[in-house]
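Chemist: Here Swiss-Prot flags 19-39, 42-62, 85-105, 107-127, 134-154, 165-185, 211-231, 233-253, 261-281 as transmembrane segment, drawing on sequence analysis.
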């Protein structure tokens, strides 16, 4: 394998773009803290961090395999390794299988409940790339997939999925729909041309209102989580800071343009970090 091929594999796995990894990792780590009522055992942190990174790359590979014909028509994606011919579909499938096995080995160190949930997580990871063909809001499926680690974190530590896990899961789904709609704005014109469905296409000229609506719902659910878990004022301070980030982002993505939308999307990882820090503060 030469240097060019290694670079192509690196690009296929999206390791040069860590922001989506953080968007998955922060809610998962927050769930570990909530489930542990404090800092979790280091083994859980290692297993779930590896799992997030590996499954994010698996999702990217599946997405590129599914979209290889569509990506040729989109300026932002027509240089990807599969689309440009740097790697074959066979190469991608073998890498995907190998990484999935790595993730499965990690989950074998957890309890049976979590192992069973991992199959649901894999199903969602496979479903998302294909639902863009028939489902009007694929961002909902992405929200289910990206944040499923919340359920797995609670099941691994508590062997159950309590009410607070469901509240937090719903909050992160709303958050994901909002930030991925911003991301989809960058490709909306191309998606309209080639028939790909997205929330950015569905919401049309009301898209900014819907992004703000889902931002609001995520904040509301976080407040409900704080009340249910009897969190102190520091948690609500974090919610206020998140709301300010959402307002700041609004003035960025409303300008449209690929750069503005991608920057607004990327800034969302700070939301995840803030909530994680506020959760940790509750137990120190």
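Using the three backbone atoms N, Cα and C, a Cβ is placed for every residue, glycine included.
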Chemist: Counting CB pairs under 8 Å, which listed stretch among 107-127, 134-154, 165-185, 211-231, 261-281 touches the transmembrane segment (42-62) the most?
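Modeler: Looking at each of 107-127, 134-154, 165-185, 211-231, 261-281 in turn, the most contacts to the transmembrane segment (42-62) are made by 107-127.
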Chemist: May I ask for the residues of the chain that lie six or more residues beyond the transmembrane segment (165-185) and have a Cβ under 8 Å from a Cβ within it?
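Modeler: For the transmembrane segment (165-185), the sequence-distant neighbours (Cβ-Cβ under 8 Å, at least 6 residues beyond its ends) are 23, 27, 30-31, 34-35, 137, 139-140, 142-144, 146-147, 150-151, 154, 191, 198-201, 203, 207, 210-212, 214-215, 217-218, 221-222, 224-225, 228, 246, 249, 253, 256, 261-262, 264-265, 268, 271.
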Chemist: Based on Cβ pairs under 8 Å, which of the stretches 19-39, 85-105, 211-231, 261-281 lies most in contact with the transmembrane segment (134-154)?
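Modeler: Between the candidates 19-39, 85-105, 211-231, 261-281, the best contact partner of the transmembrane segment (134-154) is 19-39.
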Chemist: To the transmembrane segment (261-281), which of 19-39, 107-127, 211-231 is linked by the most Cβ pairs under 8 Å?
Modeler: 19-39
Chemist: Give the nonlocal contacts of the transmembrane segment (211-231) in its own chain as ranges (CB under 8 Å, at least six residues past its ends).
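Modeler: Sequence-remote neighbours of the transmembrane segment (211-231) are 34, 163-164, 167-168, 170-172, 174-175, 177-178, 181-182, 239, 242-243, 246, 250, 253, 275, 278, 282.
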